[in-house]
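Asker: Under the heading ATP binding site, Swiss-Prot lists T30, L31, G32, P33, K51, D87, G88, T89, T90, T91, G415, D496, citing sequence analysis as support.
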Amino acid sequence: MAAKDVKFGNDARVKMLKGVNVLADAVKVTLGPKGRNVILDKSFGAPTITKDGVSVAREIELEDKFENMGAQMVKEVASKANDAAGDGTTTATVLAQAIVNEGLKAVAAGMNPMDLKRGIDKAVSAVVSELKNLSKPCETAKEIEQVGTISANSDSIVGQLISQAMEKVGKEGVITVEDGTGLEDELDVVEGMQFDRGYLSPYFINKPETATVELDNPYLLLVDKKISNIRELLPVLEGVAKAGKPLLIIAEDVEGEALATLVVNTMRGIVKVAAVKAPGFGDRRKAMLQDIAILTAGTVISEEIGMELEKATLEDLGQAKRVVINKDNTTIIDGIGDEAQIKGRVAQIRQQIEESTSDYDKEKLQERVAKLAGGVAVIKVGAATEVEMKEKKDRVDDALHATRAAVEEGIVAGGGVALVRAAAKVAASLKGDNEEQNVGIKLALRAMEAPLRQIVTNAGEEASVVASAVKNGEGNFGYNAGTEQYGDMIEMGILDPTKVTRSALQFAASVAGLMITTECMVTDLPKDDKADLGAAGMGGMGGMGGMM
C-alpha cells in the first residue's frame, strides 16, 4: 500500500479552498448574457470553445492533489445540477464557491463547523420553499421561447425553434439536437411514428426520384419472428391482392426465398409489397411491435401466444393512411388505431418511466411515448465551422433541458433576482438554535447574492451598486445585464426555470456544507521518480558488466 500524505485543520482547508477557487473562477466567467468563452485544449483535433459551465468544470484537473480534491468536489456540484435539470451548472458553481468562502472564514474565526452547516441547511430549506411560492407556471409559447433564449445565452433563434418544436410535438414530445448541413438552424418535425429501419431490398422502391417506397392506405403485417419460407406468407398475400391494397411486412427479418418472391411479385406488379426489419432488439422489439399494432389496430403474429403466420387473416393486419420508407427509416402516418387504446398504452409506458432507474431506459421509453403521441422534432444546428457547431450544440442542449425544467416546475425572475428576493423574505423570520447557526443562516443568505453579482461583473458593471439597487426594489424588479437596464425581469423576458435555480442551490449547499466540516485530507504521496531512475540506471550498468 502506498504511503499517504495527510493534512489537518487550517492547512487542509486552505489547500482545498484554493482548488475550489481555481475551478469556480474558470467556470464563472461564462455566466450571464455577457459571459465570456473558455477555450479547452483537446489531445487531438481543434480546441473546443464553450460557454457551458459543466464542460469547463469537467476539463479541470489540478497538479496539487489537495487542491484537486477541492476542485473535484465543486465539479460534482456542476455535474449534479446538470444531471438534475440540464442547466444551472455555472450558477451552482458560483453559489458553492460563495458558501465555501464565507463558511471557511467563519471556521477560521473559531465557529463550530457543524452548527454552521446546520444553519446553512436551514437557510437553503427555507429559500427553496420560498422559491416554490414565487414560481409561476410556464405555459405560453412566448414564455417557453424566453426561457430557451436565456439558457442559450440570449440566442433568440434557438428560443424560437424550441418553442415551435414543443408546439408541434407537445411538451412531453421528443426533441433531439443534430448537426445541420447549412449555416442556419432548422426545425424538422417527423409526423407519425418513425423508427430506424429501412427497406430490406432496393427493388421495393416505387419513387426512384427520392429513392423511397411510398404506400397509400396499406395493410401492415406484424410478425415477431424471421420469415424465410414463402408458403407461410401466401394466405396473407392472396387476401391483400384481392383487396387491391399494398402491404408492409414488419418482421424480425425477411430473407431467402420469401424476400426473393416478394421482390419478384412487386416488380411484376402482382401485389405491391415492402418489407422492413422490426425496430429494437429482444424485449424492446416485442414492445415496439405491440406499439405499432395498437397504433394501426393490428395484431402481432407471435408464436408465444399461439398464433401462426399461415393462419393470419386480413382482420389481423393493421392499417394506416400512408407509409414512407427510405434506406434508413420507416414512417407510419395516421394509423387507424383506437384513440382510447393509444392513450392507455401511453399511460402504461409513462408508468414504466416512473419506475425505471436507468437513464437509458427512460430515454427509450420517452421516445416510444412521443412516437405514439404524434411525432419527434429534430433541431438541426447550423454553423460555419465544426468548433462553432460543438459550442452551439452545447447551448441548444442546455436550452432544451431548461425549457423542459420550466414546463415541469414553473419559472421565476431570472438574473439572480429570485434568489435575492427569496433570501430577503426568509431573513427576518429565520432563526437557528444558537448564535453559530444564525451565522450559518446569514452567510448562506449572503452567498445567494453571488449569481447576481457575477452576472453584473461579467457585464463590466459595478456589482455592489447593482446588488444594492436590486435589493431595494420589490417583486420581479431586477437588472437586465444584456441591455443594462433596470425593470421587471419577467416582463423583459429574463426568466429562469424554478427547477434549475432550486437544484443549483441545493447541490451547491450540500457539497459546500461537507467542505466546511472537513478537518482532515488524505492523499497518496507522489512517487519518487529519481529513485526509480537510479535503480533503472544501476540495472543497466549490471548488464554492461555481463557483456565485459
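Each residue, glycine too, has its Cβ placed from N, Cα and C.
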Asker: Just to be sure I understand the packing, how many Cβ atoms besides its own are within 10 Å of the Cβ of T90 (ATP binding site)?
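Answerer: For T90 (ATP binding site), the 10 Å Cβ neighbour count is 28.
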Asker: Mind computing the max CA-CA distance among T30, L31, G32, P33, K51, D87, G88, T89, T90, T91, G415, D496, which the record assigns to ATP binding, rounded to whole Å?
Answerer: 17
Asker: Around K51 (ATP binding site), which residues of its chain at least 6 apart sit with Cβ under 8 Å of its Cβ?
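Answerer: The list for K51 (ATP binding site) reads T30, G35, R36, N37, V38, N153, E391, D394, R395, given in order along the sequence.
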Asker: Let me know how many other Cβ atoms fall within 10 Å of the Cβ of T30 (ATP binding site).
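Answerer: Summing over all protein chains shown, T30 (ATP binding site) has 22 other Cβ atoms within 10 Å.
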Asker: Could you check the binding-site residues G32, G88, G415 and say which one's CB has the most other CB atoms within 10 Å?
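Answerer: Output for this query is G88.
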Asker: Three-state secondary structure of T30 (ATP binding site) from DSSP?
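Answerer: It is coil.
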